[in-house]
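Undergrad: Per TrEMBL, the features are:
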type     : residues  : note
DOMAIN   : C:29-554  : domain 'Cytochrome oxidase subunit I profile'
TRANSMEM : C:61-82   : transmembrane segment
TRANSMEM : C:103-123 : transmembrane segment
TRANSMEM : C:143-164 : transmembrane segment
TRANSMEM : C:185-208 : transmembrane segment
TRANSMEM : C:228-250 : transmembrane segment
TRANSMEM : C:262-284 : transmembrane segment
TRANSMEM : C:296-319 : transmembrane segment
TRANSMEM : C:345-364 : transmembrane segment
TRANSMEM : C:384-407 : transmembrane segment
TRANSMEM : C:419-441 : transmembrane segment
TRANSMEM : C:469-490 : transmembrane segment
TRANSMEM : C:525-546 : transmembrane segment
């Protein structure tokens, strides 16, 4: 093996290991595990019988870790609710379910980007710190009306600080 | 055109080619280190964008 | 009746692809040209539709077109090319196939052809607008799934014929190391047999009974996981034939030796180990899989980057060594000594350049939670167009440059060589523009697999449309390149025959005379390690999909 080849392979694999360590630390210590990980089941045909998804939207949370729970129902070809206001600075647990096929729940310009599959609840924990309007799209092909699936999150001033 | 050249190269390199350490690979080293730098910078760029959107 | 090539004669210029094998290779290659034309045209139309500049007539749907584009390019074109090229490589480096081996190749070819035609009919009649990934519970016509299964089974026949050829050489020349090209093809084939098990089980036991109405519901998580167990190995199945050319063919085109036989074999073995137990990195943002198993497969995915780092070094080393033998003395002036007017070199070289951003993007995509930044955005589409859509396909083009005349008894003329160069530059420009636009739009959130939409007049969607117009410009250049390619390939097969036939370049390696590391050709060990890694990565996640009582889903036809 050439000396330079040894150096290159060490530097290359070393960088990969550094990346992995950073990702691991970010996942374990900062709670940035990949979106929607874990298994929570729900029957896609009886989604509405679940209290959380009967009338999806923003609800105050009982959990100390969160200010709000935000529930979405995805179905061909719309999101419910079609618009939601969230106070700035809120700590929110987002949960999305599908009543039919696979959808892709993406809040544009945020890290909220996860698959929604029939039979499972997709959960993501996040903070809404920046005021603004965020477009929600479906990013997994779900049929002819795929691009009609939109919703909006409006992050408005006067949020969590006022609550506490 | 290349056949003759190959034969000649094969003849005079048979003995030392096996040992890569005799090759002059300064340029290769520079290129791969540049590549490594590019990987490093791009990855951290993406990671910073990820943290920014957190 | 068929002769093995003696190890001492591996590099003799008399070695040609056997005539009968050549016919089989050619049959496969003709599908490649047809697929390129149809799939490429579909691709160009998609860029126009998405830019809001064109609407499809006759009630054809955008997603119908997208399904066609994916199936015909990602599956049909690549499968036929890979079978054709690997058969040619084995015939060239190990010797002619015997009748039984060749028959398996033909059975494979006809099964793949039949499957392709049936799948095409289902797509054409709008019975299967579920894209090439056919995610349940969108439900296509049963014939679509059956057709895809038949295509896969067809590749198995061809692959088994090829493996029999390789093992026959090994038996006859016990103790000799096998020809490098034949070893590489065999690694790719064994990987293929292992990785297609998952998707075949899923299609045969899940999709077909479900679409026939024998069962009402389907386990969605399981079907997706089995698909991606195959789906990521698929991309290496595309890539390894390109690597075969980079390691073995390109040095000979330059007129020099390959860097290292041992390194090349080692990198292929690593691809065999790590191509399959990594599919969950396509499922990083989905429910039904625990974070730990996502993390484990991210680590395994990073392992599969290592052989590409090795490849990068050895390629530069070949170029530099070659340039220095021709008199280069400076740090980088050896680049000038490369054959910049030889299309057999320029086409794959342009591909290699694409693989730099392609590989970097891949590392970012696979980086666990960072996947949320880009998942299912059009960034991903940009990514695979500068991996399979440029490095892989440009190398395939470079291979066809010499393979078609080699088989049909012709030579590359100066004019055809120039056409090859134009093909390379046009493709590079079009793909560069299109994929750059896709990457930027993706980072700004534009979703993939979406027709033209203003998303209710959202500001951000306006910004995406600007990028989509750039994609349409790129798509136009790519279409021009495809026309050049089709004319070029037809001329390479139909020009005047020549006494001296175009060479199938196969380079000896610098360490050709050194024996190979023993375990690298110990297939029992290789397969055990491959399966072992697969079991580690998948046993628990798949078991959970059975034991966690995830409700199954009914089928929907929403197009």
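Yeah, the Cβs are placed from backbone N, Cα and C, and that goes for glycine too.
TrEMBL annotations: computationally assigned, not manually curated.
Help me understand the surroundings of these features in the structure.
TA: Mean pLDDT across the domain 'Cytochrome oxidase subunit I profile' (C:29-554) comes to 95 in this model.
Sequence-distant neighbours of the transmembrane segment (C:103-123) (same chain, 6+ residues past either end, Cβ-Cβ under 8 Å): 21, 24, 27-28, 31, 64, 67-68, 71-72, 76, 79-80, 83, 87, 97, 129, 140-141, 143-144, 146-162, 164.
For the transmembrane segment (C:228-250), same-chain residues at least 6 beyond its ends with a Cβ under 8 Å from one of its own Cβ atoms are 74, 78, 81-82, 85-86, 89, 133, 180-181, 184-185, 187-188, 191-192, 194-196, 198-199, 258-259, 264, 267-268, 271, 275-276, 278-283, 304, 311, 314-315, 318, 344-345, 348, 351-352, 384, 387-388, 391-392, 395-396, 398-399, 505-507, 534, 538.
Same-chain neighbours of the transmembrane segment (C:262-284): 180, 183-184, 187-188, 190-191, 194-195, 224-225, 227-233, 236-237, 240, 243, 247-248, 293-294, 297-298, 300-301, 303-304, 306-308, 310-311, 314, 365-366, 368-369, 371-372, 375, 509, 511, 514, 516-517, 520-521, 526, 529-530, 533-534, 536-538, 541, counting only residues six or more beyond its ends whose CB sits under 8 Å from a CB of the stretch.
Long-range Cβ contacts of the transmembrane segment (C:469-490) within its own chain (Cβ-Cβ under 8 Å, at least 6 residues beyond either end) map to 29, 33, 36-37, 40-41, 43-44, 46-48, 50-51, 53, 397, 400, 404, 416, 419-420, 422-423, 426-427, 429-438, 441.
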Undergrad: Would you kindly list the residues that approach the transmembrane segment (C:345-364) from elsewhere in its chain, counting only those six or more residues past its ends and only Cβ-Cβ distances under 8 Å?
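TA: For the transmembrane segment (C:345-364), the nonlocal Cβ contacts are 242, 245-246, 250, 253-254, 302, 305, 308, 315, 338-339, 370, 373-374, 379, 382-383, 386-387, 390-395, 397-398, 401, 420-421, 423-425, 427-428, 431-432, 439.
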Undergrad: Report the listed stretch (C:61-82, C:185-208, C:419-441) having the maximum count of Cβ pairs within less than 8 Å of the transmembrane segment (C:384-407).
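TA: Result: C:419-441.
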